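Visitor: Submitted below is the structure of interest, expressed as structure tokens.
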Amino acid sequence: MIDFKAVIAKVATGASLTRDEAANAFDAMMSGDATPSQMGALLMGLRVRGETVDEITGAVTTMRAKMLTVAAPPDAVDVVGTGGDGSGSVNVSTCTSFVVAGCGVPVAKHGNRALSSKSGAADVLNALGVKIDITPDHVGRCVAEAGIGFMFAPTHHPAMKNVGPTRVELATRTIFNLLGPLSNPAGVKRQMIGVFSRQWVQPLAQVLQNLGSESIWVVHGSDGLDEITLSGPTAVAELKNGEIRTFEIGPEDAGLPRAPADALKGGDAEANAVALRAVLEGMPGPYRDVALLNAAATLIVAGKAKDLKEGVALGAQSIDSGAAEARLKKLIAVSAAA
């Protein structure tokens, strides 16, 4: 049993926790062995000082050890944003996921309801007719039969219930906003992760390097978007062959036009579902372009495309052939089947 008071005292001096100390502290929180005051103190102490790569790695190790897992092929990918970018945009990573699945890459998408926006991945999928509150085995069947499955975070991370009330009361970003995308219940080794702040691009790539991921892009748009943006450059940290490389990309690198950030303004779940379906049905415009751009990056991560332009061409084929929309229809059917 960890001495939680000693952990708080250490953080209060400005010192960093070791990976093991962080893992044990988060185990205490998620097991219900820490009081709400203790949890709030530690979460805010870490937030104010700035969470380290070792602290995040330790916390993720505990999250992963406690989650309910899903069976998925070794080449499965996840496209996920941390959320919390305050943009109120359409659901980019969700749309991107269907485009990628339509290219024949299995997608095991992890997500939740909106925390800060009007429509998170779970909200828009629910509005599209996908059943989201299904068992881990059922999600595995979706990935196997539909080529895409959605893992609703509360179902797969039941231990989070001990931390939930404290997070709600704090009502500000904590380390948990970073942990969700790093704790995919299907254990995917290939991911496209969007983050709400540029300061986290390289550290999250380092965390995933520590945890043995194979192929990762961590991205942050210059306009604040937790995706690759159309309005300007996007910062990228790429993990490949155990090495991390950082660079910037723009839509022109993919042969796509720029568009202002407000061209991607979204609405509630129903409005965003209508917009997403329109993209899968072939409607041109900025939403299609941003989905193609993010799909192109994901296809590079998956080893399907050698560069962004090839990825965009494959993504366009996925939409225009009807393959992407077929993945959505199949997911609706398989998720509804008992």
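Any Cβ shown, glycine's included, is placed from N, Cα and C.
What Swiss-Prot lists as anthranilate 1 binding site is Gly81, Asn112, and the listing cites sequence analysis. Annotation source Swiss-Prot lists 5-phospho-alpha-D-ribose 1-diphosphate binding site at Gly81, 84-85, Ser89, 91-94, 109-117, Ala121, citing sequence analysis. The Mg(2+) 1 binding site feature in Swiss-Prot is assigned to Ser93, Glu227; the stated evidence is sequence analysis. What Swiss-Prot lists as anthranilate 2 binding site is Arg167. Annotated Mg(2+) 2 binding site per Swiss-Prot: Asp226, Glu227, in sequence order.
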Visitor: Just how many other Cβ atoms lie inside 10 Å of the Cβ on Asp226 (Mg(2+) 2 binding site)?
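Guide: Within a 10 Å radius of the Cβ of Asp226 (Mg(2+) 2 binding site) lie 26 other Cβ atoms.
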Visitor: In terms of Cα spacing, which of the binding-site residues Gly81, Asn112, Arg167 are within 10 angstroms of Ser93 (5-phospho-alpha-D-ribose 1-diphosphate binding site)?
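Guide: Checking each Cα against Ser93 (5-phospho-alpha-D-ribose 1-diphosphate binding site), the hits are Gly81.
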Visitor: So among Ser89, His110, Asn112, Arg167, all listed as binding-site residues, which is physically nearest to Asp226 (Mg(2+) 2 binding site)? Use the C-alpha atoms.
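Guide: Considering only the listed binding-site residues, the nearest one is Ser89.
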Visitor: Pull out the binding-site residues from the set Ser89, Arg113, Arg167, Glu227 whose C-alpha sits within 10 Å of the C-alpha of Gly81 (anthranilate 1 binding site).
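Guide: Taking Ser89, Arg113, Arg167, Glu227 one by one, the ones whose Cα falls within 10 Å of Gly81 (anthranilate 1 binding site) are Glu227.
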Visitor: Relative to the Cβ of Asn112 (anthranilate 1 binding site), which residues of the same chain, six or more apart in sequence, are found under 8 Å away?
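Guide: The answer is Gly83, Gly120, Ala121, Ala122, Phe152, Ala153, Pro154, Gly180.
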Visitor: Cα-Cα separation of Glu227 (Mg(2+) 1 binding site) and His110 (5-phospho-alpha-D-ribose 1-diphosphate binding site), in Å?
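Guide: So the Cα of His110 (5-phospho-alpha-D-ribose 1-diphosphate binding site) lies 15 Å away from that of Glu227 (Mg(2+) 1 binding site).
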Visitor: Between His110 (5-phospho-alpha-D-ribose 1-diphosphate binding site) and Arg167 (anthranilate 2 binding site), what is the CA-CA distance rounded to a whole number of Å?
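Guide: Spelling it out, the Cα of His110 (5-phospho-alpha-D-ribose 1-diphosphate binding site) and the Cα of Arg167 (anthranilate 2 binding site) are 20 Å apart.
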Visitor: How long is the line from the C-alpha of Arg113 (5-phospho-alpha-D-ribose 1-diphosphate binding site) to the C-alpha of Arg167 (anthranilate 2 binding site), rounded to the nearest angstrom?
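Guide: Roughly 15 Å, rounded to the nearest whole number.
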Visitor: Including all protein chains shown, what's the count of other C-beta atoms within 10 A of the C-beta of His110 (5-phospho-alpha-D-ribose 1-diphosphate binding site)?
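Guide: Around the Cβ of His110 (5-phospho-alpha-D-ribose 1-diphosphate binding site), 27 other Cβ atoms lie within 10 Å.
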Visitor: Under 8 Å Cβ-Cβ from Arg167 (anthranilate 2 binding site), six or more apart in the same chain: what's there?
Guide: Leu43, Thr174, Phe176
Visitor: Around Gly81 (anthranilate 1 binding site), how many other CB atoms lie within 10 A of its CB?
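Guide: Taking every protein chain into account, the count is 29.
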Visitor: In DSSP terms, helix, strand or coil for Gly81 (anthranilate 1 binding site)?
Guide: strand
Visitor: Within 10 Å of the Cβ of Glu227 (Mg(2+) 1 binding site), how many other Cβ atoms can be counted across all chains shown?
Guide: 28
